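Okay, structure first, notes after.
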Amino acid sequence: MSHKACYTNPGAGVKRPRNDTGNKLTVVLGAQWGDEGKGKVVDLLATESDIICRCQGGNNAGHTVVVDGKEYDFHLLPSGIINSKALSVIGNGVVIHLPGLFEEAEKNEKNGLKDWEKRLIISDRAHIVFDFHQAVDGLQEVQRQAQEGKNIGTTKKGIGPTYSSKASRTGLRICDLLADFKDFSMRFKNLAQQYQAMFPTLEVDVDGQLKKLKEYAERIRPMVRDGVYFMYDAINGPPKKILVEGANAALLDIDFGTYPFVTSSNCTVGGVCTGLGIPPLNIGDVYGVVKAYTTRVGIGAFPTEQLNEVGELLQTRGHEVGVTTGRKRRCGWLDLVILRYANMINGFTAFALTKLDILDVMDEIKVGVSYKLNGKKIPYFPANMDVLQKVEVEYEKLPGWKSDTSACRKWEDLPVKAQNYIRFVEIHVGVPIKWVGVGKARESMIQMF
């Protein structure tokens, strides 16, 4: 478009077309309370991606990926790092615990991860998680337990305190660590002192920490880039497949989740723009990952929870134990109110439905289809936790298929009653299901379209 065309009679109010250019990002997000199997969907898409990004959270996420019979555990590294042909990006919205990053990489190196340093790009605007943030995380949990008789159930990875430092403008970023170290040291000491004033029992070995941080600075220096410019370049350069791997999930989002039992970042689609510094225009497909039943770690309202043999069966058959915490997960029936709510916020292109095979032994399967409050149906998902505790779930009963689906590789292989379950979810949420997972391995994801 010539300059002349842009500025013809500005008073005439001619609407200029927006430049719809550049590569689109494919986004994978959790649609429940986490642990939906996002790592598996990311792994599937990562094989053909050029760039794989993390945009929020820290090493509180837990993704397990199985490749060639080897199991890799990722917490902070994008799980696409196992793709040797792709670049992996840790965006500005991620909080980085440097010892955790290297520990995780070394652990995965033992399983065969190679040359990850050459493929990792770290945004210079990302905030740093210090050891004292992790210590404070633990102390705050103890405090909450003492004051309220309950805690949030954080992973004690320092995520919340780091985002608090960020919001109160006392945090330190990767760019600060790589700039004047004297200035960094002074700000580090001040931050440590602030926390010590709040928590008198907190011990911080300032000099020891700074010495380690100086070493980490040199190790990460080659990986650090201006994240905004890097993403702009990637979007506006030659055609590239860019994938964003969400951590946590919709109901753990700081704004839209079951507050206060949430994480400290936006794990919905808005967090992709703010956590990477990209325009909404460049967001392409947004895939929601949904487990065929519901699980939750820690406390907080859980309307479809089954504190009975159904819950126990799901827990044992599904091996529902947290990757990061090792805690048993609470289990219940699939809740479509949650999925509709997650879709209102994220606008999903399609769902990936995982762990369908866990339901193989059920005679009858229930699905939560709506909530009633004081006898009246409500069209929204309640914000207040006490209100959410009180909702009455209306269920639909579906017959179980009572046969092993773990060997199914295409839609036609699935029992008719399993097909009906899938269609039921699609119709009632209004989002198509693109993949169905029936096992741990890469091959056990049935692609529907």
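From the backbone N, Cα and C atoms, a Cβ is placed for every residue, glycine too.
When Thr154, Thr155, Thr349 are compared with the IMP site residues Asp35, Glu36, Gly37, Lys38, Asn60, Ala61, Gly62, His63, Arg169, Asn248, Thr263, Arg327 in Swiss-Prot, the one appearing in that site is Thr155.
Neighbour count (other Cβ atoms within 10 Å of the Cβ, all protein chains): 29 for Gly34 (GTP binding site).
DSSP assigns Lys40 (GTP binding site) to a helical segment in the three-state reduction. The separation of Thr155 (IMP binding site) from Gly326 (substrate binding site), Cα to Cα, is 10 Å. The subset of recorded positions (Asp35, Gly37, Thr155) lying with their Cα within 10 Å of the Cα of His63 (active site, proton donor) consists of Asp35, Gly37, given in sequence order. Comparing C-alpha positions, Asp35 (active site, proton acceptor) sits nearest to Thr325 among the binding-site residues Thr155, Thr325, Val438.
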